[in-house]
Structures are given as C-alpha cells and as structure tokens.
Amino acid sequence: MERIKELRDLMSQSRTREILTKTTVDHMAIIKKYTSGRQEKNPALRMKWMMAMKYPITADKRIMEMIPERNEQGQTLWSKTNDAGSDRVMVSPLAVTWWNRNGPTTSTIHYPKVYKTYFEKVERLKHGTFGPVHFRNQVKIRRRVDINPGHADLSAKEAQDVIMEVVFPNEVGARILTSESQLTITKEKKEELQDCKIAPLMVAYMLERELVRKTRFLPVAGGTSSVYIEVLHLTQGTCWEQMYTPGGEVRNDDVDQSLIIAARNIVRRATVSADPLASLLEMCHSTQIGGTRMVDILKQNPTEEQAVDICKAAMGLRISSSFSFGGFTFKRTSGSSVKREEEVLTGNLQTLKIRVHEGYEEFTMVGRRATAILRKATRRLIQLIVSGRDEQSIAEAIIVAMVFSQEDCMIKAVRGDLNFVNRANQRLNPMHQLLRHFQKGAEVLFQNWGIEPIDNVMGMIGILPDMTPSTEMSLRGVRVSKMGVDEYSSTERVVVSIDRFLRVRDQRGNVLLSPEEVSETQGTEKLTIIYSSSMMWEINGPESVLVNTYQWIIRNWEIVKIQWSQDPTMLYNKMEFEPFQSLVPRATRGQYSGFVRTLFQQMRDVLGTFDTAQIIKLLPFAAAPPEQSRMQFSSLTVNVRGSGMRILVRGNSPVFNYNKATKRLTVLGKDAGALTEDPDEGTAGVESAVLRGFLILGKENKRYGPALSINELSNLTKGEKANVLIGQGDVVLVMKRKRDSSILTDSQTATKRIRMAIN
C-alpha cells in the first residue's frame, strides 16, 4: 500500500509523468546505459541524428574570424548561438566544405610519411590482381595471424620508447633506446618528421602501426601472411572464395619466411656436428637476415615453427607449450597421463622400447593442410575427427594420430625392420621410427586397423582404408568433418630446457620438439641470409667452401700468423678448416696434411723462408690428421666444379692466384681479399710485422685494462703500456718503444719473449 501511495505522489508531479509517459525506454538499466559515462553508446545513430541537425559541429570561437558567415550560395556556415555548456560556436557541415575549398593550404610532404602504412596498402591493392570467385565449402580454421602489414618487430615497450623519443622528445621520463633497430628507427623518423604539422597524437598512432606486430585470432582458409589477411574480407566468405595475388610484399612477411628457412638450415646443420647445441648457438649468433642479426629477430619475432622454436629454446627464450609430432602441433585440451617405459614387438618381431602415455587425453592437432581432434586412452585411439584440404592431407593426419595412439595393431602392422637414421647417422627414437615407416606406406596399417558401421551425423562422413569417403562404414574411431579445428589461440609462453642434441623439454620433462620434427622442405629466402659461421659455408656448394676458407684466413691473418708460429696444432684444429676437408680426396687427405705440416716446420726452423701467400694457400690442407710419409707433392687436388682441380704448391693456378702487384688474392676467379703486408717482408719471424715498435714486458697485467686487439695497438703513445691479445686468447703486456731506432731488434726478441710470457 505504502509503495502505491508513494507512486501516486510521484505521478502527481507533471515532470515525473512526462518522463515516464514520453520516454519510450522506461527500463532503468537501459536509461542508465545510454546516459552514464562520456562514451558514446550508439555512434551510428548519434551520427545520423546529429547530421540531421543544422549545426552538428562545434568549433573554437576563432573560426568566426577565419570563415565567412555565409558561403557563395548564401547558406549560413555558423550560428551565433553558443554551444550549450561550452564557449564554442555551432557550425554547419557546409563550413567544412568551404574550408576544404578556400581555407589555408599547408605542406603535404609529411602525409605519405606519417600515413605510410595506408599509402603502401593502396599501392598493394592497386597492383594486386583479383581472380574469379569460386563457390565451395570453406574449411576455415582460426589461426593467430598478423593483421598489420609493413611493421617492424619491436615489443610494445620498445615501440613506446621510440614513439616518445620521436613525437615528444622534450617530455620527462626515462627512455632507454638499446636495440639496434630502436636506434635506427628513431634516427630515421626524426629526420623524416622534421617540421611536421600533423597532430602529434595521430603521428604516435601511425608510428605504433609501423613498429608493432598486431595479431588476431581469425578464421582463415588459405594464405596467412599479412598481405593476404588485410584483404580477408574480400577473398573468403562462408561459401565462396576469391583468388587474389597481392601487389607487393612487405618486410615483416619476408622476415618471417626467411627466418624459418635460416632456422631450418641451421638446425639441420647443427644436428650433424659434434656438439649440436654449441654449433647451433654459434650459427644463430653469427647469422644475419636482411641485415639484422638473427638473434635480435628471434627475440622479437613471435613466429611459431619447429626449427625457429628450437633456436629460441637454445637462446633461453620462452616458447609455446604445445608439442610437435609428425609435423603437427599437438595441444592437450583435457585429461592427463603418466609415462611408462614398455617393450613391444613389431609385426617383424623386432623389440621396441616405447614411452607409453597411460591415461585418457584429448588433443587438438593442427598442421598446414589438415587439422584434427584426437581422443585417446592408454595405447588406444578412441576417436579421431579429421578435416583437411584433400585426401592426401587427411591421410597424413590419420597416420600421425594412429602412430601417436601407440595401439598394438599399429605396431603389429610394421613389416620389415625399422632402422631409420637422422642426418648424423644416429638411429631415430622408436616413435619416429614407426612414423617414418608408415609415412613411406600405410596400406597395411589401414587394412589392419579395422572398420565399423557409422551413424549419420551432420557434417561428418566415414573414410575407408583406401582413403575414399563413405556414409556407411569408416576406419574404427575415425571420422572426416567438414569443419576445421581451430589452432590453439593462447599466446602463453613457457620456460623450456634444451639438451645438447637439441631436444626441447618443458619443465615436467615432456619432449616438445626435436630435430626430427624440423621440416625438410627447401625454400628460397626472400631476404638475404648471411651465414658467417664456417659451418654454413657448404650450403652453397664446394666453391663457396673454398672461397670462404681463404677469405677467413685473410680476414684473420694477423692472429693466424702468430698461431702459425706459436701454436700450430691449435690452429690446425680450428673448426673453420672442417668444411674444406670434404673437398680433399679422402685417399690423399692424410698424406697432404703430413707433407704441408713438414713444409711449415721447415719454414719455422729456417729464417727467411717465410712466404705468406704460400702459408695461406696450404694451411687448410694441414688440418686433416697427418700421415707420416716421405711423399712430396708439387700440386694438391681439390674437388670443385665436379672434378679435381689442382693447387700448385709453388706458384699460381686457376684455383689460387696471388697477384704480387695488387696484393690481391683470387680463388676460382673470385676476389678473396687483399693481404695487408708484403709476403716478402716477413723474413725475420712472424711477430715482427705485428709487434714491431713494441717491447714485450711479460704476462698480462690487469692494471693496464682489458686486452686490446693487435689493430688497436697503433693508438698507443710512446712509452704507454697495454695488454694485447695474441694468438688463441693469449694475452701479453707490451710497451710502445720510446725511440724508433731500436725497432729492428724487436723482431728477434719478440718470439722468445712471447713464448716466455705465455709459458
């Protein structure tokens, strides 16, 4: 009763009655929604009714001096009434037209620079080609894709520092620009945007687009690089697709593509070396992709690919927690298991020791061309729902799932022995043995698996052992679906560990990745990849090995020279000479090495027979384990260009040609660099050229600072002392001579003193 009385009182007030009868929306929550806060709740509607008004725009009072009250047609451009609640003027949309036609003009030079990403997009679309539209069922799966073509790969924090430095250089706040890319971009943008009149906030927004990778989790069928994603709405619908070729490439896609190729090459090469992990790190640190250090790209680039993730794990970076098997990315979506070693017998009665996963688990499997949902129990496949582009892709997914299930009928389907090896000639682990076996031929596996009658379920059909579709029967537990399975959406990264054989494990010890998972697909990189590591010289064939070996000796001649006289064994064991050995005929390797080492020893013993060009030429041959024999050679053979070519022990040849006049070396006609000293002047021992004018005082003395390289010695003043690095990491203390007259005697004492200082 009380409430009704209260309501009557309220209704007697005319304002209450008006609100409740004339407001169509009388639900308090809705009124609240549309009236609270500054955020516009229905921008489209607001725009429509605003534009229906005569003066929908407000402007600063100064506009009255800058724009006439009426235009040429006599239409009013602004009203004398003030905007309610502010001291601004109400303005007609016609004023904007007048301003665009008659207002002041400013320089447009900065627009293409600030709105670079938009201008480039227009160019790509202008030069792109749109093909025919096809109507067909689209198997789209959600993938994490890059939606922002043409960006650098800075982290949000790095980009923020760059933007603050470029747009608001005088703002307070510590900004630390550390990475190479940050410094380069900042310098470039500051120059480009000098005297820029565009609103700083706008410039900041546009810079963010250029610097940071933006990703979204979108349904995609087809290309996933950013130049395809920017036209996703034009190229694929629910039941149609339109062919499209982009009218240009962008650096970020090229970086992703080239990074994958470099990582695959490096992992493949590291696998066959004595210490795969150390080799992999050495190669990652000495490789450049498109002029940027590979390690910098790895730190910033979120690409998830097996080889890339192995490189990241080696560098101690976090990677995705999903694991890889048979080229598919597996993500456990529910269940759990414990692992137990079990011995099983193949159809050929070979014993395999496999790690069995005990327990019920569900996984999503995502590959490039097929996806699946897998439910399994201990050594039993319960259900596999697979979808793919074609029969072949679906078959690949089924094989991987069947092997992963570890079912007995799969193991019994093995015919013949399992003895697959990796690139380093090591036996693969049992699961990969099985996988390789059935990837070669899966007929027996499919025949032995068993089939079952199926119910008619919308969007699902059966698949027979010969991989043909059926609506009545299907391989036991296997169904083909029209719908794809989404990629795992989380961007969560976990801490992992890596062993020296490049097996990557999570903190529970599960293997996430191993070199067996790295694709053998070869591609051509879009950006130039420079592998400075000697391990990658052979990637471009024997000629490249030859040229690179000699270039390396010349580049490091100052140090090589000292080692040659002080510690030849250490020099011969350098890994830079490893690739060269594959060019020397196996039968003569040891003999050549023994011959060259003896020759070098004679040069060391007899002053005055030191010949730089000859040492450089023969040095790589001395790296093989030597055979003691009295054999003498006038020429040494190397296998390049498909046949044996000769290097003359004394004198020039097409393989190795040293021009005394120009002091330049050509190897197989390619320039291999210049010798910095004349080969004839090294008569008085090797160090003479290096430490002439310096007195060797003894062992390293930390008081005189960090060790300088030989090239840095020239900066010392007379009488100044410094530690200097010679040979393989040996450091001695030297002093620059006060007088020039005594220089000649230095060369004789240098060798003795270095030996004493080191020993």
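Each residue, glycine too, has its Cβ placed from N, Cα and C.
Feature annotations, courtesy of Swiss-Prot:
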MOTIF     736-739  motif 'Nuclear localization signal'
SITE      E627  site 'Avian adaptation'
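Proximity of E627 (site 'Avian adaptation') to non-local residues of its own chain (separation of 6 or more, Cβ distance below 8 Å) is seen for G590, Q591, S593, G594, given in sequence order. Across the motif 'Nuclear localization signal' (736-739), mean pLDDT in this model comes to 70.
In three-state terms derived from DSSP, E627 (site 'Avian adaptation') belongs to neither a helical nor a strand segment and is classed as coil.
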